[in-house]
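**Q** Have a look at this one.
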């Protein structure tokens, strides 16, 4: 692959200047949370490494992951597709169709055996021998296994591929199955969400291209750089949660004031994703900022956890399990206790200082002799 076109060469061929290329590397480093100091390393990698071939296949899904990906802003999806990677097969985005598209698929997995990244959107249904999802005239499960056999790594796009999503909701008549339950001998990184945040998708690809490895993941296989914290942890309404200020109905005064949406069913306290920090639509907003609670779409089994508008009963708060009704009072109690302790300590310190202070008589000249 040494004679193949690199990312930098592809960008220069498209008329991108050196200055713009370095700016791109700086933005990529920032979006990955690596800091500006990593920009030179990203630049070196993209100047010297050939573009990675990517095969993107679709199982049971609604194509929302693709729709999200093409709206990426940092980096732009067009830069990822046309320059950063070599997206050789994606039956949604490619011009070829039918037999011609399948010939491309076979050529890529044969020519780049062991070198390409497999991106999977959707999941395989195992019921009725896989006949609930047909691709190229045969069950999708067969295509998935064939593509996975020669892949260097696999990306599970979205909640469908990661957990099963709505297709796997009870009673799961098609036996829709997450891909890690079917492919067990390959490294798989899960990027859940319905859909995932577009900038998260493109940033993960940038990381893999730059460092030739998967990003660090949690015990469930999600990249820590984007799924290491709950939406609740960085939510701008968090202060209202801690103060016990909650919206009680969609049209009340608390809703107009932007109070916490936890009582309206917001799943932010139990959902790990980057919505509250990265946001959507080029960082413009996210559901909670738009006035609607988080649905928890990045979590496993979110379709089977009751109504989207029923709140979580208990969540950890300040070392105890407090409900939304009591957490505000608890916070106020802690503050009141702290104020009380401070007041008592101040009074004791003041009395101690008063007892140690010499009297006015003791400081008068000659008093030492009189006392003697």
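Just so it is clear, glycine is given a Cβ too, placed from its N, Cα and C backbone atoms.
According to Swiss-Prot, the protein carries these features:
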type	residues	note
BINDING	62, 65, 160, 194	[4Fe-4S] cluster 1 binding site
BINDING	232, 235, 260, 266	[4Fe-4S] cluster 2 binding site
REGION	347-372	region 'Disordered'
SIGNAL	1-45	signal peptide
TOPO_DOM	46-325	topological domain 'Periplasmic'
TOPO_DOM	349-372	topological domain 'Cytoplasmic'
**Q** Of all the binding-site residues given, namely 232, 235, 260, 266, which is spatially nearest to residue 194 ([4Fe-4S] cluster 1 binding site) at the Cα level?
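**A** It is 266, whose Cα lies nearest.
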**Q** I need the neighbours of the [4Fe-4S] cluster 2 site defined by 232, 235, 260, 266. Which other residues of that chain put their C-beta within 8 angstroms of the C-beta centroid, in sequence order?
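**A** These residues sit around the [4Fe-4S] cluster 2 site: 231, 237, 238, 241, 261, 262, 268, 269, 288, 293, 294.
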**Q** Which has the fewest other Cβ atoms within 10 Å: 62, 235, 260, the binding-site residues listed?
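**A** Across 62, 235, 260, these binding-site residues, the one with fewest Cβ atoms within 10 Å is 62.
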**Q** CB neighbours of residue 194 ([4Fe-4S] cluster 1 binding site) within 10 A?
**A** 22
**Q** For [4Fe-4S] cluster 1, what surrounds 62, 65, 160, 194 with a Cβ no more than 8 Å from their Cβ centroid?
**A** 61, 63, 64, 121, 122, 157, 158, 159, 165, 195
**Q** Looking only at Cβ atoms, how many others are within 10 Å of the one on residue 266 ([4Fe-4S] cluster 2 binding site)?
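**A** Within a 10 Å radius of the Cβ of residue 266 ([4Fe-4S] cluster 2 binding site) lie 30 other Cβ atoms.
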**Q** Are there any residues in the same chain, six or more apart in sequence, whose C-beta is under 8 angstroms from the C-beta of residue 65 ([4Fe-4S] cluster 1 binding site), and if so which?
**A** 121, 157, 158, 160, 195, 196, 201
**Q** Closest of the binding-site residues to residue 62 ([4Fe-4S] cluster 1 binding site), Cα to Cα, picking from 232, 260, 266?
**A** 266
**Q** Name the secondary structure element type, per DSSP in three states, that contains residue 260 ([4Fe-4S] cluster 2 binding site).
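**A** The residue in question, residue 260 ([4Fe-4S] cluster 2 binding site), is strand (DSSP, three-state).
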**Q** Output, ordered by sequence, the same-chain residues six or more apart from residue 232 ([4Fe-4S] cluster 2 binding site) with a CB under 8 Å from its CB, or 'none'.
**A** 238, 241, 268, 269, 270, 271, 276
